[in-house]
Each structure stands twice: as structure tokens, then as C-alpha cells.
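Engineer: Per Swiss-Prot, the feature domain 'tr-type G' maps to 4-186. Residues or ranges marked as GTP binding site in Swiss-Prot (evidence: sequence analysis): Asp16, His17, Gly18, Lys19, Ser20, Thr21, Asn133, Lys134, Ile135, Asp136.
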Amino acid sequence: MDKKFIRNFSIIAHIDHGKSTLSDRIIEFTNTLSKREMTNQILDSMDIERERGITIKLNAVQIKYHAKDKHEYLIHLIDTPGHVDFTYEVSRSLAACEGAILVVDAAQGIEAQTLSNVYLALENNLEIVPTINKIDLPSADPNRVKKEIEDVIGLDTADVPLISAKTGLNIQDVLEAIIKHVPPPLDAKDDAKLQALIFDSFYDSYKGVVCLVRVKQGTIKVGDKIRMMANNKDYIVSELGIRTPKIVNKTELVAGEVGWVAAAIKTVKDINVGDTITHTNNPADKPLPGYKKILPMVYCGLYPIDTSQYDDLKEAMAKISLSDAALTYEYETSQALGFGIRCGFLGLLHMDVIRERIAREFNIELILTAPSVIYKIELTNNQEISIDSPAKMPEPTSIKLIKEPFVKLAIITPDNYVGAIMELCQSRRGIYDDLEVIDGTRRKLIYKMPLAEIMYSFFDSLKSITKGYATMDYELIGYQAEKLVKIDIMLNGNKVDALSIIAHRDFAYGKSKIICERLKEVIPKHQFEIPIQASIGSKIIARETIKAVRKDVIAKCYGGDVSRKKKLLEQQKEGKKRLKAIGNVDVPQDAFVKVLSEN
């Protein structure tokens with residue numbers, strides 16, 4: 001096929017602006033799937049994606065479209081997630097395209113993640129085609145949104161498609177805009193040395209690891225001996241093809257095409273997403289510039305509530321990590337919770353999705369320890385170490401200073417909530433940076449803020465005080481030294497490692513008090529008094545006491561001498577002393593679940 005009839009594009013938007021619905025309508029309009037085969041969110045392959053109405057894994061399909069100019073075009077559509085946690089999925093799909101459709105909600109207008117995805121597309125030199133969706137809503141105001149797109153992003157909206165992905169209104173306008181504005185891969189040559197960009201991979205129990213690739217140069221065929229340029233490993237192509245979104249086998253993929261390649265690869269760890277595939281016997285001179293590797297931002301320990309399921313949890317993590325390149329994990333143990341796994345996630349939604357997948361797909365209920373970020377610690381001997389867990393914090397005497405990650409936080413909000421948002425940001429140690437006017441009623445607030453503060457229910461608080469109207473986006477900007485301390489929680493004088501947290505010194509007392517009070521509520525009474533203490537080093541900063549349960553030892557004495565009663569009470573007193581010295585505090589698992597989930 002002539003390269004001028006190929007188009008590769010992706011759909012980008014803020015979460016919930018209608019990307020997946022637009023993908024459905026495009027697939028339906030071009031008769032790529034029959035009516036019987038269509039389901040809502042056809043590209044969202046996981047149940048959890050359909051239920052939450054979000055896209056987590058990117059997906060790529062090939063579509064044939066007969067345009068108004070009487071030519072047939074081969075269009076590759078790559079659907080991407082919109083949530084800030086899954087930006088790495090977006091960056092990968094954009095590297096495989098020449099253009100992007102920017103979907104903007106006709107009622108809500110430009111949101112925080114609309115902007116961050118636009119900047120990603122511009123970094124990849126993509127042609128951006130703005131599209132205004134949901135024009136069938138009573139609150140839709142396409143003219144206001146057009147002006148926003150022109151003023152804030154600087155794109156021309158003279159012939160912007162006005163569509164309703166839900167009803168299928170004007171879907172052909174979007175396809176015509178793609179043909180008109182997205183450039184074809186004219187520099188792609190079928191006879192050049194093979195260069196294919198791996199932009200995703202997933203595990204198939206029959207084929208092994210399947211790579212989703214964009215063939216930039218050359219041709220790849222079944223039986224070819226191929227090499228991964230990052231690790232120099234060689235494989236033989238066993239199968240390849242395209243997705244429509246059904247898997248369709250082919251004998252070859254040519255330059256400009258997007259498809260999948262299977263080559264009996266055992267684990268996803270053997271594949272670097274962003275790597276280049278080339279031929280072993282006639283390799284390309286240099287690899288394609290891959291997408292940037294994004295490191296985990298949030299760390300958390302996962303422990304099975306039923307400790308006998310630890311081996312099942314290890315197997316579950318191995319299987320999930322086969323299809324999730326951003327998930328990192330290592331094994332760890334806790335005195336309180338037993339054996340577990342410490343995982344690195346991209347954010348709290350990513351963490352929640354993994355927890356839910358483990359519960360659903362493998363039937364393992366988990367306790368999650370308090371989420372933590374990576375802290376950099378400068379020691380008194382001038383060495384610098386990084387820690388992702390309070391348990392790894394060195395002794396206070398050996399610490400010179402502690403640095404924590406800061407993010408640039410952008411919040412877009414109706415102007416009547418600006419005051420409440422500023423109060424929220426200041427209470428979370430935010431540093432005011434800028435306030436921009438988006439239109440007559442909306443403002444964009446910029447703050448510098450510690451990442452750790454955003455992780456603890458910041459998004460929920462933001463939605464609550466703005467009645468759900470505000471949107472946010474953040475990016476890591478570096479590390480900054482702060483007055484941070486490790487807070488240990490002790491039960492009956494013994495440290496409970498699973499409950500330790502790192503907090504700012506100014507907020508340490510408040511956080512400690514809350515944890516102690518929660519523990520007092522959930523730990524059952526014992527036959528001896530239990531002190532619950534929070535300490536920084538050797539200094540106790542908060543305390544609650546669980547009173548002993550009273551056992552009536554003199555109930556059996558009817559009348560008689562008072563000295564008999566005194567003797568029994570003295571014996572009980574001695575027994576309680578011994579229990580307090582050697583007795584273990586029995587903390588039920590649901591107490592950990594309750595305290596850690598609310599932490």
C-alpha cells in the first residue's frame with residue numbers, strides 16, 4: 001500500500017471526556033467489527049476498566065476507512081489512558097504516532113490533564129487535531145470551549161469537529177480531520193533496515209510475550225531472526241499480525257504499520273518497552289529514540305490477610321508484572337504482618353487497581369501498609385542513600401538531612417473555590433507559585449508541594465471542597481531538604497514496624513495522636529493494661545491507654561473473711577504484672593486493615 005494512505009494517531013484527553021466512547025464509534029462507523037461483536041469500551045480489555053469507566057492499558061487497532069476523496073485509508077488508532085497515574089502509557093503510544101486527536105468535553109472545557117497530555121504530544125512533534133465531544137449535553141457550550149482551546153493551547157478551531165461520541169453524531173468529521181491533518185509516514189521504506197518500536201507488551205499463555213510494535217522502517221516476517229537492540233537478545237518470529245481489535249494473523253508487517261509480534265519470549269522482563277527490534281543478520285545502525293523510563297512514585301507493602309496465601313501472592317505478582325511494565329516489587333518481611341511484597345507504583349490509582357486485580361483474579365485479600373515515597377538521606381559521613389520505607393530509615397544520630405520529592409501541582413477550578421483550595425494546599429505544606437485565568441469563570445492554580453502530601457487523600461479532599469468541579473495534574477520537579485522524622489508506634493513497649501510513618505516534624509504530633517486513637521478503638525481489651533505510644537527516637541510524643549478488662553476473682557467468695565478476698569486480689573495483681581511483662585498484645589488483622597486504610 002502507498003504510504004500516503006496510512007495514518008497513525010492516538011486519542012488523548014482528560015479522564016472521562018469520552019476517549020474510549022469515541023474509539024467505539026470510530027470502530028463501529030468503519031464497520032471494523034459487526035454490530036454483534038461490539039460492546040461498550042471495546043478497547044478496555046479488563047473488567048476493572050469497564051466498571052470504573054477508565055482506561056488503564058493502552059490498546060492499538062487497525063481500521064480501514066473509505067474517505068470522501070474515494071480512497072481507502074489504513075488507519076491505526078491507539079487508545080490511551082487519561083488518568084495522571086498512567087501518563088507513562090500515554091507517552092509510549094504517542095511515540096508510535098504522527099498525530100493525536102485531542103478530545104475536549106463541550107461542557108467542562110479544558111482540564112488539568114488535557115494540558116499535560118497536549119504537552120506530551122508536542123514533545124513528540126505530533127500534529128494535534130482538536131475535537132469537541134458531548135455537544136448533545138444541555139450544558140454544552142462549544143463556542144466557549146473553542147475559545148479556550150485557542151487561548152490556552154493555541155490551536156486553530158476554525159474547522160474543529162463538533163461531535164457526540166455517545167450518539168455517533170458527526171463521527172465522519174473526525175475521520176476526515178485525521179486524513180486531512182495527520183501526516184502520513186512518508187519516510188517509511190519497506191526495503192530499509194528493520195526498525196520497529198516496541199510501545200507495549202502483554203503476556204499470552206499460548207504465545208508467550210506479545211510485543212505491540214510500530215514498524216518505522218523495513219519489513220518483519222514470520223520466521224525472521226530478530227534482535228532486541230537494548231539487551232542484544234535474539235529471537236525467531238513465530239507469529240505476527242494486527243488487531244482489529246480481534247487478533248488477526250498476517251505473514252508480514254511493513255513500514256508504517258502498527259501490529260503485534262510473538263517470538264516465544266518467556267517474560268516481559270526480557271522486553272524493554274521503548275526498545276527497537278531489528279534483524280540479527282542485517283541490524284539497523286542505531287535504535288529508535290525510546291520513550292523515557294518512568295520510575296515508581298509510591299511504594300507500599302502488600303501482605304495477605306491469610307498468611308498461608310503468601311506463595312499465591314508471589315505467583316500473582318509475577319503474573320501481573322508480566323503485563324505491567326511500570327510495576328516493580330521485592331520481597332520483605334514484617335514482625336507484625338509476616339511475609340509480604342513491597343511494590344512500587346505510579347500513583348495511588350495504580351496501587352488501587354493492582355490491589356483490586358489481585359483480589360479479583362487470584363482471590364487474595366490484602367493488607368496494604370501506609371504508602372511511602374522515595375526519600376534521599378544525607379548521612380553524617382557524607383554518603384547519600386535512598387529509602388522507600390520507614391523501616392529502612394537509619395538511626396537519627398547518623399542523619400545529616402532528609403530530602404523528599406516535590407511536585408508541581410496544577411489545579412483547574414471554578415473561581416469561587418479558589419480560596420478553599422488555597423487553604424487546603426497550605427495545610428498540606430504547599431508553596432504558592434502562580435494563578436492563571438483560563439476564562440471568565442475558571443482559574444488555574446500552580447503550587448509546589450511534597451508528593452507525600454498529595455498521596456494522603458489530597459484528591460478526595462479537593463473533590464469534596466469543590467463539589468467535584470476541580471481537576472488536578474502533577475509532575476515531579478526534584479528533591480528538597482525538609483524537617484522530616486520517623487514516627488514509631490509501640491504497643492506495650494514493642495515497636496510495630498507495619499505502622500511506622502515518616503512525617504514533617506510540625507505535623508508529627510497530630511498524625512501520631514490520630515493513629516494512637518484509632519488503635520485504641522480497634523484493639524480489643526486484654527487482661528492487662530496496654531499503652532499505645534508514638535515516639536520519635538526515644539521521645540514519646542503521643543499516648544493512649546487501653547484499660548484492662550476486669551475479671552471478677554472474688555465472685556466465688558460468698559461472705560467469709562475479708563483477708564481471703566484481699567489474698568485473691570493480690571494474686572490477680574501479681575499475675576497482671578507478669579502478663580504485662582511477658583504477655584503478647586493480640587492485634588487482630590482487621591485492626592491493621594482499619595488503621596492502615598484510614599491512615
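Yeah, the Cβs are placed from backbone N, Cα and C, and that goes for glycine too.
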Engineer: Using only the Cα atoms of Asp16, His17, Gly18, Lys19, Ser20, Thr21, Asn133, Lys134, Ile135, Asp136, which the record gives as binding GTP, return the largest interatomic distance in Å, rounded to a whole number.
Structural biologist: 17
Engineer: Let me know how many other Cβ atoms fall within 10 Å of the Cβ of Ile135 (GTP binding site).
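Structural biologist: There are 20 such Cβ atoms around Ile135 (GTP binding site).
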Engineer: Of all the binding-site residues here, Ser20, Asn133, which one's CB has the most other CB atoms within 10 A?
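Structural biologist: Of the binding-site residues Ser20, Asn133, the highest Cβ count within 10 Å belongs to Asn133.
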Engineer: If you count the C-beta atoms lying within 10 Å of each candidate's C-beta, which of the binding-site residues Asp16, Gly18 ends up with the smallest number?
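Structural biologist: Looking at the binding-site residues Asp16, Gly18, the Cβ with the fewest others within 10 Å is that of Asp16.
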Engineer: Would you mind pulling the DSSP three-state label for Ser20 (GTP binding site)?
Structural biologist: helix
